[in-house]
Structures are given as structure tokens and as C-alpha cells.
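Q: Below: one structure in C-alpha cells.
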Amino acid sequence: MRQHLGPTLPSSEITPQRLYLARREFLGASVGALATAAFSANAFAASLAAKPGPFRAEDKPTAKEAVTTYNNFYEFGVEKDDPAKNAGTLRTSPWSIVVEGACDRPGTYALEDLYKPAELEERVYRHRCVEAWSMVVPWIGVPLASVLQKVGATSNAKYVAFETLYDKEQMPGQSRRVLEWPYREGLRIDEAMHPLTLLAVGLYGETLPNQNGAPVRLVVPWKYGFKGIKSIVRIKLQDSQPRTAWNVSAPSEYGFYSNVNPDVDHPRWSQKTERRIGEFRRRETLPFNGYGEQVAELYAGMDLRRNF
Amino acid sequence: MTKRIRDRVIYAVVWLACAAPLLFLVYWGLNDQLGANPITTGLRFLGLWGLRFLVAGLAITPLRGWFGWNFLQRYRRTIGLWGFAYVALHLLTYIGVDQFFDWNTILKDVLKRPYITFGMLGFVLLIPLAVTSTNAMVRRLGGRRWRQLHKLAYVIAPLGVLHYDLLVKADTTWPWMYAAILAVLLGWRVWQVRTRRAATRPVSA
């Protein structure tokens, strides 16, 4: 297993702290720079303290520049650089999340009320996109399990359904029906409660940039990236398997589980290898994205070709 | 300016316009301006320009028919050959950079992945057109046979669009735009043939 438990270097030492501070000083000193920054999606990223958490992949983290400029977030356009260009229209504060369904304390929660700042952990996860590219990201967040315990998920909660914000003003990409909006995702309850499953609010020592799913997103490192629903406004605990956006769009190509699996190809392309962003040669894709030791037992006895 | 010099200047401009995307790609590549995933970005860029030039080549005869722009004819070969060049570079990038000469995987891709099968078929069909593009080859084949052979372009361009459409994840707007343009360009040809046949049909009975 290419990872180990326990505290190691926080990402503030991966990327020199001085660099961040210097940038901040520069921004603070220059009115012009501030004015420019107001138009960039990243303008309000604030530093975010977090204790080093478990599950830190030993892989070298992908450059922050790449993590924040190359991703899919169709709510802001279908090209990889669209989110970074267009996500400035998203207003992330205040932010509330509706929690409903099979739980003892349903209601509308302010994001801040779902976790305590002291609970925030940094975790370095491999991220594998279904398009056969990958990254390594130092996320900051809390285990989804802690939030589900807080709202008192009951035994009727067999699945968790998530929804992204649906607002064409803030998310211009939703004016075109590329997918069924709002974006929906879901997990089986044991997947949702698994210690690896993270509700992320930051990356690289700062609050999430808008383009990466601010202010709160899901990170499920053993599944393809699209399972990591962004800008979450609704969490529903239910007893039936939820609809998920890509499955609705192309059921033969994107299953509910979507576990990273080099042996089950996408119907149109191979999933055997991936290009790690920043590397030249492709690398082999690992079953469950290298997290098999932690999660394979969740799927014991299941046919993963049928349940792709 | 004599006509000869003017023609040469125009030809140079057309040639440079065809080379421009490649020059930009090289410039961006050398200056690290292709984004976080330069290999995929470059691969897509070359493929897209290949398709654009192939479609542009097929637009010339209809444009002559609609607007009488007969002067375009003399640039058709240049445009078509540049289309071939971009497609060839696209393929070489896939083989040598994207897959790093992993012949086993490439062979499987060609046999198993319809989008790669169609793309590869399109490239193979382009080869005889590129080879027979010289004046000497036109003379050797004779105009009639040469024209028959080059009708392969009517199959190759749609294969390119299909190749493009099949790799897009959800938003197929652009592939459909190219498909629509091709439908007009090829549909016009069908309509031409029909009306010509109707005009030459013997009036009897």
C-alpha cells in the first residue's frame, strides 16, 4: 500500500509557506491587484488551518496551478479550463445545506454548523478521472461520517443522495442541458460512512477555489472523479439507490458505483492506464485507485463488471 | 504588381495560414502554454485542425458553384495536403507521445475502440490521396481516374467527424456542427449530380 497512517508533512511544507504569505502581502499592498483579484474565481481563497489526517498518499502532490485550472465542472462550461475562467460568478458565502430524509435532526444547516474548525484534516488523495487522467490533491475536510452522525442518520438510511446548487445566474453552464441539472450523486451508506470518504472544504492549505467545488464537495478517492459532487446544497438519506447525473446521461457508460477499475473499460476507451498530470509516460491504473486494502471488502461477493 | 507576383504572394499567404496552427502549437508548447495536460491538448488540437482542413477542402467546389469563386481551385491541393499533415501529426502524437509506442495497446485500441477504428480507417484512406497529389501522378492516372480516386474524401471527412463524436463525453455540439456542414457540402454534390442527370435525360415517351 503506497500510503501510511498518522501525521506527516502538512502541505504548507510541500509548497513553501513564504510563497503564500508573499502573495498575500503583495495583494494587500496593491489596490490594483485587489481590483483584478476581485474578478478571479480564486479571489476569496483564505488560508485554512487543518491537522494532518490519516490516508496520506506518498505520491507527489500535483502542482496547485494544475489542480485549480484543469478540471471538469460542467456548471461552468465543458472545457477543462472553463471552471477556472467562469466560476467567479458563484457566491459561496453564506452557504446552507438542506439535510433531509432518514435522520433524527433534519433541517437547513449553515455550512459552518456541520463541523468544527478543529475537526478539519488534511488528506493527500490520488484522484482518478474517468477520462484517464489523474492528480494527487492535498484536500482539507472532515469525514462525511462525522456529519452523518451529527445529523443522526437512522437505520432506514441505506443510501445518501447529494445535489449541487441549481442556479443559472451563478452557474451559467446550467443554461445548456449538457447533463440533467441539478447535478446529482449518491453513495451507499457503507461507502458514505467509510473513513476515506471526505467532505472537503479546502485544498492546498486554503478554502476551496470556486472552480474546485466551493464551498463544500465530496471526495471519494477510490471512485472516478465525477462521483465527487461539488458545491453541495442538499444531502438526503434514503432507502433507495439515488439517481446520479452521469448514470442518467449515459447508463451504459457510467454506473452507480463507478469504482476505479482497470479491468472494466469505459465502453469507448480503456481504463487500464492513466496520465498523471505533470508526468510524461502513462502509468498503470490501480484497482480502487490503490485503495483496495481499505475498501475492497465493501464489495465482497459483488460482480464488479455488472456493478460498474 | 504583375499577376504572377500577386499569385505568388496570395499562395504564400494561404500556405502560411495553413501552417499557422502548427506554428502556434509549437510556440505554445515551447512556452509551456498548453495547460496542465499538454499532451492531450496538443493531440486534440492537431486532430481538430486536420478535420477543419479536410472540411475546408471539400468546401471549395461548392463555393465555386454558389459564388463563382473559381480562384479557390488552385489552393485546394494545398489545403488538402495540410489536412493530411495535421492528421498524420495527430496520429504520430497518439502513437509516439500519448501511448509512447505501446504497440500492443495501440493495436487493441484500433481493433476494439470504434472511435479509433474509424479514425485509423480515415487516415489509411487519406494516404493514396496524399501520394497521388503531385502533377505527375495526376497525369499518370489520368484526370478521370484521379477524380474517381479522390472522391474518397467524401468518406474520409465523415469518418473524421464520427471519430470526433465518439470520443466526446456529453456535449456533442461541435461534432454535430461539423456533421451539419459536411451534410451541406456533400448534399449539394448529390443534388448537382441529380439535376445534371435530369437535364441530360433524353426527352422521350
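In case you wondered, yes, glycine gets a Cβ from its N, Cα and C as well.
Heads up, here are the entries from TrEMBL:
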type	residues	note
TRANSMEM	B:9-29	transmembrane segment
DOMAIN	B:47-160	domain 'Ferric oxidoreductase'
TRANSMEM	B:49-67	transmembrane segment
TRANSMEM	B:79-97	transmembrane segment
TRANSMEM	B:117-137	transmembrane segment
TRANSMEM	B:149-167	transmembrane segment
TRANSMEM	B:173-191	transmembrane segment
Q: With Cβ-Cβ distances below 8 Å as the criterion, list the same-chain residues six or more beyond the ends of the transmembrane segment (B:173-191) that contact it, or say none.
A: 51, 55, 58-59, 61-62, 65, 154, 157-158, 160-161, 164-165
Q: Which of B:9-29, B:79-97, B:149-167 shares the most C-beta pairs under 8 angstroms with the transmembrane segment (B:117-137)?
A: B:149-167
Q: Do any residues of this chain, six or more beyond the ends of the transmembrane segment (B:9-29), have a C-beta under 8 angstroms from a C-beta of it, and if so which?
A: 1, 38, 42, 45-46, 49, 53, 74-75, 78-79, 82, 85-86, 89
